[in-house]
Amino acid sequence: MTAILERRESESLWGRFCNWITSTENRLYIGWFGVLMIPTLLTATSVFIIAFIAAPPVDIDGIREPVSGSLLYGNNIISGAIIPTSAAIGLHFYPIWEAASVDEWLYNGGPYELIVLHFLLGVACYMGREWELSFRLGMRPWIAVAYSAPVAAATAVFLIYPIGQGSFSDGMPLGISGTFNFMIVFQAEHNILMHPFHMLGVAGVFGGSLFSAMHGSLVTSSLIRETTENESANEGYRLGQEEETYNIVAAHGYFGRLIFQYASFNNSRSLHFFLAAWPVVGIWFTALGISTMAFNLNGFNFNQSVVDSQGRVINTWADIINRANLGMEVMHERNAHNLPLDLAAIEAPSTNG
């Protein structure tokens, strides 16, 4: 016993710090990824709150027409947002010390870059921390794999898309109405609704919601009663109990008769893998779709694809969507372009003397 105490006392300060960082006995696990996650997420959160409340208007389009996004400059919770970094900055790394003054940094939307880059680093470290804690506890790594879907989606809209478009001003604003504006403009410029990867993402999100509701309702409906009629059924469960809390055979039989036999899982493990994999794979595809459309590999174009025997166009829903896209596009950055992009691309005729 004496030898053990002596060994503990002789342990270096660094060794004790390492043991504390990697200890699974802490109320909240820190881990080596947490050492980077905590300061980056605290920085992103702090700057977001301050900027959402008090940041001055930002010249997002680089045309000396600042756009207001903070509460103190006339917005509310719905309309407020962190305005993306100015198109005048493009993809340049724009920390505070690169600007001539803090006022210039704020005018050019410096807080957006600061928040986004710290946030992406923080959520990536959160994913690594999930893997690290799973490793320490001897668990399989699939929690971190599942979390990679929202990390990929955030990286796509905040980093990959601006890189593909050439400016952080094309990134998604950090606010409710700003998010909707980003979605509308994205549809106008890339026809995302006609992209198969977005369709897979919709199937993943809505399908995941459906399967989650089906699973939860089936389990809740087939609980093994351990309580009286006057008690909540939830009181019949104790954390860590060895007995099954619901009858999977009854749930399997019910669903097999409701749809057909092979629509129901008879293996709880494969069922829960399916519940996790379906939305994750769907969101992976959506993130991949955003990343490809960032470089203008856009959704399908079926405009004027149906004509009659005389060559006259018979409009389809694709043409209706195209007309909506044109309307949304001409309303976007309406003061930044003197001509629609289709006309601006045509060479002007040369004139002599």
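Placed from the backbone N, Cα and C atoms, the Cβ positions cover glycine too.
Record note: Swiss-Prot gives S264, F265 as quinone-binding, and the candidate from H198, H215 in that site is H215. As stated in Swiss-Prot, the feature transmembrane segment covers range 197-218 out of the listed 87-108, 197-218.
When the ranges 29-46, 47-64 are checked against Swiss-Prot, the one recorded as transmembrane segment is 29-46. The largest share of C-beta pairs under 8 angstroms with the transmembrane segment (118-133) comes from 29-46, of the ranges 29-46, 142-156, 197-218. When Cβ-Cβ distances below 8 Å are used as the criterion, the transmembrane segment (142-156) is approached by residues 119-120, 123-124, 126-128, 130-131, 134, 276, 279-280, 283-284, 286-288, 290-291, 294 of the same chain, each at least six residues removed from its ends. The Cβ of H190 (site 'Stabilizes free radical intermediate') lies under 8 Å from the Cβ of M293, N296, N298, G299, each on the same chain and at least six residues away in sequence. Note: F265 (quinone binding site) has non-local neighbours H252, L271, F274, i.e. same-chain residues 6+ apart with C-beta under 8 A of its own C-beta. Between the recorded positions Y126, Y161, Y161 has the most other Cβ atoms inside 10 Å of its own Cβ, all protein chains included. Looking only at other Cβ atoms within 10 Å, the busiest spot among the binding-site residues D170, E189, E333 turns out to be D170.
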